[in-house]
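Notes to accompany the following structure.
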Amino acid sequence: MRTSLNSCKRIVVKVGTSTLMYPNGNINLRTIEKLARVLSELRNEGKEVVLVSSGAIGVGLRKLQLAKRPASIPEQQAIAAVGQSELMHIYSKFFGEYGYTVGQVLLTRDVTDYPTSRKNVINTFNTLIRQGTVPIVNENDTVAVEEIEHITKYGDNDRLSAIVAKLINAELLIMLSDIDGFYHENPLLNPTAEMFDEIHEINDDVLKLAGGSGSDFGTGGMLTKLAAAEYCMQNGQQMVLANGDHPEVIYQIIAGEKIGTLFTTDKQGGFLNDPIR
Ligand code: GLU
């Protein structure tokens, strides 16, 4: 049992577009509804939950009936503007069914890098949590760009979710993906690939497994997930990478069951049967 996960009070859950949408571009209402229900139930139990959700561009494409993502930045940002409000509408409806109000927090990197705005964001998160609402975070895709002088983009929501976990002092980041955990090899290419139960250090051996040819599996890629895990571990936080197809796994993760891969520097009470420390 991963006993230390039982006592986590403040939890960040990250979901990617592949969890929220079907491969055919339609919105996966069933999964979103289950996610809202599970997170509402955690709030009922007294946990504090923040959701980091992608999907602005995916939902925007669907809403605007566009078959594929355009190449130009203004077009992508316009799609994100449409998709983000639609996404929040869907979350608001489902969380509302379970009695919870959601609050949208859109962030850019300059905001969390600059001390004054960073402090304001932390205060806003704490107030939202105290009010009993569920903050839902995304990158502010309509304004974020990659410039050398003025970096506003996080790059990916894996990184953003780890930054949010640090900002709000969460004990645990649950990263829901389209993969069950971190494997020795790409399980899509090798069905006998084995999944790690726990990783205690993101060292070169681990990075090699994630970065080798054909091993960039998962939507955001495994390297961005490992970078998020490393950031969490440096901050004394734990991260579980698990499959988001069935959001109920969140209950099992918090109960300490062996689901997905746990990234932790805490070796107490864990099961140390994996070769990487
Ligand atoms: N912010 C992007 C969106 O909502 C997704 C970025 C990511 O998933 O890494 O579409």
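Glycine is no exception: its Cβ is also placed from the backbone N, Cα and C atoms.
The substrate site recorded in TrEMBL comprises D141, N157 together with one of S53, S54, S72, namely S54. Checking the binding-site residues K14, D141, D178, M222, T224 against ligand 1, the ones whose Cβ sits under 6 Å from it are D141.
In the three-state DSSP scheme, D178 (ATP binding site) is classed as coil. You'll find the Cα of M222 (ATP binding site) roughly 22 Å from the Cα of D141 (substrate binding site). Under DSSP, M222 (ATP binding site) is assigned to a helix (H, G or I) in the three-state scheme.
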